[in-house]
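A.B. asks: To start, I am sharing the structure in question, which I have written as structure tokens.
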């Protein structure tokens, strides 16, 4: 799943 | 988290502070585009759908809540506050939302990382953020006597994006497999939109004269 780890920016 | 990312976030946060300060201190939102503010609010709502389902860090969650809260507070001041709302430049702030929202929505449907509702809405927020400043830039060009705080607000917003680019470069070299084409290209487009403004902002600052954009 791409969603979780890479969405750590605002 | 690297220093560029932290600096970018702090500058972004500072831009909100400057905007709220300007509106509250002068009891006026003259020169501020409500359309840009509404688009930013839409950007945050769409991007932070995972606020409660995807915990990254206390920092992230706090910042997301602050960004959302501040955006809605600014909308309240501009639309609901008895004294402030009459200072809004309604006749000048004429940019059409659809020209920005529709192409971004179509692009998000076409180009995304995964075909899930969450991912498409998130991608839409990335595209929309890149162009959401346009109504503000147009209004700025129409406004005579841009006050210092409004100029600083737009400058901080542009600086925030510039710092994020440095953050991506840093991450690309320090984190394996860190490649995010959608975010990078949108972020570069977003920063390019500010270049013209930067030029006049820095020029006015160096010559110590009031900022004015040529129309």
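Every residue gets a Cβ built from N, Cα and C, even glycine.
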A.B. asks: If I go by TrEMBL, the feature transmembrane segment sits on one of B:78-96, B:97-115. Which?
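C.D. replies: That would be B:97-115, the stretch labelled transmembrane segment in TrEMBL.
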A.B. asks: Quick test of your reading of TrEMBL: among B:21-40, B:121-140, where does it put transmembrane segment?
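C.D. replies: That would be B:121-140, per the transmembrane segment entry in TrEMBL.
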A.B. asks: Would the transmembrane segment (B:58-77) count as touching the transmembrane segment (B:97-115), i.e. at least 3 C-beta pairs under 8 angstroms with sequence separation of 6+?
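C.D. replies: Answer no: the transmembrane segment (B:97-115) and the transmembrane segment (B:58-77) share fewer than 3 Cβ pairs below 8 Å.
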A.B. asks: Go through the chain and flag residues at least 6 beyond the ends of the transmembrane segment (B:58-77) whose CB is under 8 A from any CB in it; none is fine as an answer.
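C.D. replies: Same-chain contacts beyond the ends: 1, 9, 12-13, 16, 19-20, 23-24, 29, 34, 37-38, 40-41, 44-45, 48, 51, 84-85.
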